[in-house]
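To start, the structure itself, in structure tokens.
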Amino acid sequence: MNIFRLAGDLAHVFAIIILLLKIWKTRSCAGISGKSQILFALVYLTRYLDLFTTYVSLYNSVMKVLFLASSGATVYLMYVKFRATYDRNHDSFRIEFLLVPCLLLSLLINHEFTVMEVLWTFSIYLESVAILPQLFMVSKTGEAESITSHYLFALGSYRALYLLNWVYRYIVESHYDLIAIFAGIVQTILYCDFFYLYITKVLKGKKLQLPA
Amino acid sequence: EDNGNDHDEL
């Protein structure tokens, strides 16, 4: 554990709390992509199967359970409790275009050809692109509520901070994981356009609105 | 060859 990793994990937890609070307080999931949330739930389900096989630390186990529970809760709130507020017409990204390539790539490029490792690899690849339906939705409507922008900023920061964690671990511990590093770079690049808009607009008190 | 997944990172 190092400061970058801890900061990344906290940004991730913070993002999830912002999203759950937004949905709960406004009793609405307008502007949130249910497809991205389903993909994230799938990411955690396939990655954290090792909860049953590998014990790392209490911190590690608690965080894994937290991510599984919160993503399950988000999907429940969107598709069951506040279903009427779900903006499905704007959530039209075809997720099979993400699922199929990630599955094929994880079968081809992995650390070890075992069920657990392929599923772990699939989750890493899928996480890197899971935000695309959400970004697509923002681009379709041309705007995002401030609270949604804060959520996206915290969620994007998490993998960016992990990049620093990987640099640190490479230098200090000589540990590196090319699959995680490559996917983390892709994931962070996908947020760059959003980061730019967030810093130039939302932080100056304006609503996130895309140029027409 | 890299060191791979150490199951620690989330």
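Cβ coordinates come from backbone N, Cα and C, glycine included.
Over in TrEMBL, the protein carries these features:
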- A:6-24: transmembrane segment (TRANSMEM)
- A:62-80: transmembrane segment (TRANSMEM)
- A:92-113: transmembrane segment (TRANSMEM)
- A:119-139: transmembrane segment (TRANSMEM)
- A:151-172: transmembrane segment (TRANSMEM)
- A:178-199: transmembrane segment (TRANSMEM)
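Count of Cβ pairs under 8 Å against the transmembrane segment (A:151-172): among A:6-24, A:62-80, A:92-113, A:119-139, A:178-199, the largest is for A:6-24. Under the criterion of 3 or more C-beta pairs below 8 Å, with sequence separation of 6 or more, the transmembrane segment (A:92-113) and the transmembrane segment (A:62-80) do not qualify as touching, having fewer than 3 such pairs. Packing against the transmembrane segment (A:6-24) from elsewhere in the chain are residues 32, 63, 66-67, 70-71, 73-74, 77-78, 82, 145, 147-148, 150-152, 154-155, 157-162, 164-165: each is 6 or more residues past its ends and has a CB under 8 Å from a CB in it. Long-range contacts of the transmembrane segment (A:178-199) within its own chain (CB-CB distance under 8 A, at least 6 residues past either end) are made by residues 109-111, 121, 124-125, 127-129, 131-132, 135, 138, 149, 152-153, 156, 159-160, 162-163, 166, 208, 210. Counting only same-chain residues 6+ beyond the ends of the transmembrane segment (A:119-139), those with a CB under 8 A from a CB of the stretch are 31-33, 35-36, 39-40, 42-44, 46-47, 49-50, 87, 90-93, 95, 98-99, 102-103, 105-106, 109-111, 148, 152, 155-156, 159, 179-180, 183-184, 186-187, 190-191, 194, 208, 210.
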